[in-house]
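Presented below is the structure to which this report refers.
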Amino acid sequence: MASTDEPGVGSGDPTARARQAEAIVNHAEHSISEDAIVAAARERAVDIGAGAVSPAVGALLCVLAKLTGARAVVEVGTGAGVSGLWLLSGMREDGVLTTIDVEPEHQRIAKQAFSEAGVGPGRTRLISGRAQEVLTRLADESYDLVFIDAAPADQPHFVTEGVRLLRPGGAIVVHRAALGGRAGDATAKDSEVAAVREAARLIAEDDRLTPVLIPLGDGLLAAARD
């Protein structure tokens, strides 16, 4: 049968497919505009070295919060509040974001961002402490969405706890699931890669979860719970 693929598109040329995939991701990453409040929070994140999700990742978090009808969300890694602002924008008006960070200064700056956005104090619960300890104190099946943006080495523990927290119909999202492509490199054997792969395995082997790996930011591993 004659192929209808255009030159360099589809299943023909692996190099062309790779270029096309890169162009699509680049387009997606630059297709989202942020308002002045989120942009200011992003600048503060740079100033304090906190890191922040890309606008495209933020927009996806907003969409997932809307799709799950999220009233209760847990975020591991407050940073300067960029991802929190995106999550809050998609949550229900009576929703509460619980956000955890070991750095009190990060949370102080995030609180400023939330205030600038007009987010009432009753809609956020900022917990300063080690997420490894804080998560264990949160109630089972009490959250609609769990977002993990933390050190790759801690992903397996956070995934285990995050899935425990999810209500049926909820979703878990893990950022930094690709490690710049290293997670998919069969020759990469370092401890970070091993931890990220273990987190992915835990999600893949849980029959209650339907996972997908999304090529935005540094890779998002998302899963919906039945």
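Glycine is treated like the rest: Cβ placed from N, Cα and C.
A sphere of 10 angstroms centred on the C-beta of D101 (S-adenosyl-L-methionine binding site) encloses 26 other C-beta atoms. Swiss-Prot lists V53, E75, G77, T78, S83, D101, V102 with the feature S-adenosyl-L-methionine binding site, giving sequence analysis as the kind of evidence.
Annotation note: D149 (substrate binding site) sits in a coil segment as assigned by DSSP. Swiss-Prot lists D149 with the feature substrate binding site, giving similarity to another entry as the kind of evidence.
Spacing of G77 (S-adenosyl-L-methionine binding site) relative to D149 (substrate binding site) is 5 Å (Cα to Cα, whole number). Taking the Cβ of D149 (substrate binding site) as centre and 10 Å as the limit, one finds 25 other Cβ atoms among all the protein chains shown.
Secondary structure from DSSP puts S83 (S-adenosyl-L-methionine binding site) in a helix. Taking every pair among V53, E75, G77, T78, S83, D101, V102, the residues recorded as binding S-adenosyl-L-methionine, the greatest CA to CA distance is 18 Å.
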